[in-house]
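Engineer: Got a structure for you, questions after.
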Amino acid sequence: MEPPDARATARPAPRLLWLALLLAAHPGSQAKVHVSVPPLVEVMQGKPVTLDCTPLENPDHFVLEWFLTDRSGTRHRLASVERQGSQLQGTVHDFRGRSPPYQLDSQGRLVLPQAQVGDERDYVCVLRAGAAGTTEATAKLRVFAIPETTEVIPNRGTLSVMEELAQEIATCSSRNGNPAPWITWYRNGQLLDVPMEVNSEGYMTSRTVREASGLQSLTSTLYLRPRKLDREASFHCAAHYSLPLGNQGRLDSSPFHLTLHYPTEHVRFWVGSPSTTEGWVREGDSIQLLCQGDGSPSPEYTFFRLQDKQEKVLTINLEGNLTLVGVNRSQSGTYGCRVEDYDAAEEVQLTKTLELRVAYLDPLELSTGEELSVLLNSSRTAVNCSAPGLPAPTLRWTKDSVPLGDGPTLSLSPVTFDSAGTYVCEASMSTVPFLSRVRSFKLLVQGSPELRAEEMEPKAEGGWTEGDEVRLTCSARGHPEPELTWSQLGGRPAEPVLGGQGWVSSSLTLKVTSALGREGVACEASNPHGRVSHVFHFGTVAPQTAQAGVAVMAVAVSVGLLLLVVAAFYCMRRKGRPGCCRRREKGSPPPGEPELSHSGSQRPEQKGLLVGGSSGGARGGSGGFGDEC
């Protein structure tokens, strides 16, 4: 009898022998053919994908089958392709409930229209070539899906910086992606390197869910111990996802801020606009007293005024703002602000005070009225200007916008007519802009008139001639305003001279005569204080008669020349008389009896046209001669 161990060992021997005999009987069972199948195929969700299985030896007859391997490892035949010569005949055997169904193209490749996440499987291609053998290869399909927009839900509550443990900051979600995305957190754009392990300073948790569609969603929650520096920090999260060919994508969430609770450490209290750099406010302005603590949330602010070392509460609010409408000088004093923060440390000074200084300037007062009248050449005249105000104002005197000096007193010495005019006292404060006042008075200078005459020049270089027209002008000034009069009629009324410092002017237009040359023309300016005059002298005035004698002589010469021309014409008409126009000797016929012409044609009316002078008018010797023409 054999031992049990020997029997157990002997049992496998017949099986091995049977397998060896089968292999010897079917030598083609060893693979002599090969196929080309890509081991990894990547595709975006919704895009078509084709799985290729190509025989390398190209046998004349073969059967190619496609199998789907499920998660348990079981194979399910999807389709087959049989080749007879040059013809391929394909058949899809099992759709596996897929829509749209699997397809085979003309080359026997398996086509998956609109790739889905559920298509992520191993696809096995089995090639049976009869005596050439059987072979197979596997293609792994990966389907990528971009997740939806990253969403973040921050903690809307108030987080206390005084807590000693990490608190929930926000939850970030990335939905419906494939493969599952991963999430990172950022503060002010900088990556937060927080672990997954729970600790007191900060950590994060993640949870991945596979949706019914096969897509995956990831939720991450951030926990931090907030600090006071985080009060203005910007947080956000980002979802990272994979793409074909090793690429990656990123979707950032919208930023968010935290609401923190932290105690007050510093308090500020100041006068808001319109205060000056020196801390003064103008009387009548509305001002604001501003108080601000750096705690959060905003605490209550108590405003008060110190009067006789006692606090008089003015208002309590959350805004830290006290408005004083139309302040006056009586409201100057000490004001305070107290921050009601019971979480603040004991050493923090929660109460602040300040001095409110109200600047004012009362109307100016002059030692004289609106007008001041003084006598000409007064030795000393002084006017005082007082300006009650706080802070003490600066006083300045001006006349016609020309500065005269600073100080409350204006001194005028000596007083002249040029001193008359309007004087202005201006009070201002360099530390308080736009707070100023002015007061003016008019200075009147009383005195005898001052006269000024415009010199005149004759029209001709030699002097004045009777009948010449001349315009005389006199100007005068004084107070009361002087009256201008002329010694001749025709003077124009006095008129103020433009820009003439109180001057008035009058003019007189007249013709020059010999009498004016002897007496002159006088203008006089007078007022109750006196009178003054000026005489215009013309000197020697040439008469107009000399001009008339020259004209008479010119006429006489002209007439004589005309008679000579007529006589010459008459002589030329006496033709044929040789003795014509010759001087007759003594004993010739008496005048008035002319000789007859040789032609005898002398007409009677030609006799006696021109007769010589009488005997009394003969010149030279005893006998007279005459001219006959």
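Heads up, the Cβ atoms here are built off N, Cα and C, so glycines get one too.
What TrEMBL records for 610-629 is compositional bias 'Gly residues'. Under the heading domain 'Ig-like', TrEMBL lists 27-142, 147-257, 274-355, 363-436, 449-533. The region 'Disordered' feature in TrEMBL is assigned to 580-629. The feature signal peptide is assigned by TrEMBL to 1-31. Summarising the annotation, TrEMBL assigns transmembrane segment to 550-572.
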Engineer: Find the average pLDDT over the domain 'Ig-like' (363-436) in the predicted model and report it.
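Structural biologist: Within the domain 'Ig-like' (363-436), the model's average pLDDT equals 91.
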Engineer: Which residue counts does DSSP give the domain 'Ig-like' (27-142) for helix, strand and coil?
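Structural biologist: Residue counts for the domain 'Ig-like' (27-142) by secondary structure: 9 helix, 58 strand, 49 coil.
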Engineer: With helix taken as DSSP H, G or I, strand as E or B and everything else coil, how many residues of the domain 'Ig-like' (449-533) land in each class?
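Structural biologist: DSSP composition of the domain 'Ig-like' (449-533): 6 helix, 45 strand, 34 coil.
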